[in-house]
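To start, the structure itself, in structure tokens.
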Amino acid sequence: MAAMTMIVSPFSRLDDDSVLLADGAMGTNLLAAGLPAGVAPERWLTERPEAIAALHHAFVAAGSDVVLTCSFGANAPRLALWGAAMRTRELNRLAADLARRAVERASRPVLVAGSVGPTWRDAVSGYASAEDEAVGVFAEQIAGLKAGGIDFVWLETMVSAAEARAAARAAISVGLPYVATASFGAGGTTPAGLSAPQFAAVFEGLEVAPLAIGTNCCEGPDTTLACAAAMERLPGVRLAVKPNCGLPRSVGEDAVHPEGPGSMARFAKAAIERGATILGGCCGAEPAHVAAMRQVIDRHGRRS
Ligand SMILES: [Zn+2]
């Protein structure tokens, strides 16, 4: 294994001995605020920025130590789906700036993580033939996020080894630390067939180790935690777990996520016991879910 450089951790600006709490969902909360189904959340960066800012504020008020930008689908291939590929840098800078302004008004330090999702261009076969091209795609997005003032990059819902590695290399090339999480289905693999141990191995040998690796979304708190616990980590690399609130069920016109704040609080306690030191929620997680996890961390979340 190549020698690794550890970039100075942004977490040193927080209470570094405590388990850290990220935020909840962006997409499902914007749907609840009126974003039409099938419309990219990034459209609201210019059309309804106050709705995104209000969500950031709500998560800060609920006790988040880290908020993620509204930029999950802000890579050029995804933005091209609604004719916005040329605006990649502008939209990412805007997303970062909105989150940055929200945390600056907090009474305690809160970090901004730049959300980077997959391109989905080739989710099944991976991106093996085009990893270098993917580095360029992600670097363009991350440069925009950096211009808007993020503290680190959060690669989430990663699907293939090649894209995950490309996105990590992009963060390193732009000079930012990164967290990397993937989402695993019922069989314990991503749609591209990547398992949790294989995902953890993606970051071995890179020039800069991740701040944390782990899981997000998946199929609810239990599977998300089980997959994360199956990841072998290098020394100093934290474990991050950000589950969805179960798979949504249709109730009338709405998609309802079954797990409430109480169940996310139970998840938080179990995750801390399994060694996770960054928690949060994905789809379905509202500020109330985050507040419930905050209470658990305040009681049980000391690392030493
Ligand atoms: Zn999710």
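Note that Cβ sites are derived from N, Cα and C of the backbone, with glycine treated the same way.
Note: TrEMBL annotation is automatic and uncurated.
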Q) Per TrEMBL, which one of C70, C217 shares the Zn(2+) site with C282, C283? A) C217
Q: Tell me the Cβ neighbour count for C282 (Zn(2+) binding site), meaning other Cβ atoms within 10 Å of its Cβ, over all protein chains shown.
A: 28
Q) If you count other Cβ atoms within 10 Å of each one's Cβ, which of the binding-site residues C217, C283 has the most? A) C283
Q) If you take the centroid of the Cβ atoms of C217, C282, C283, the listed Zn(2+) site, which other residues of that chain have their Cβ within 8 Å of it? A) A25, T28, T157, S183, N216, C218, K242, P243, N244, C245, G281, G284, A285
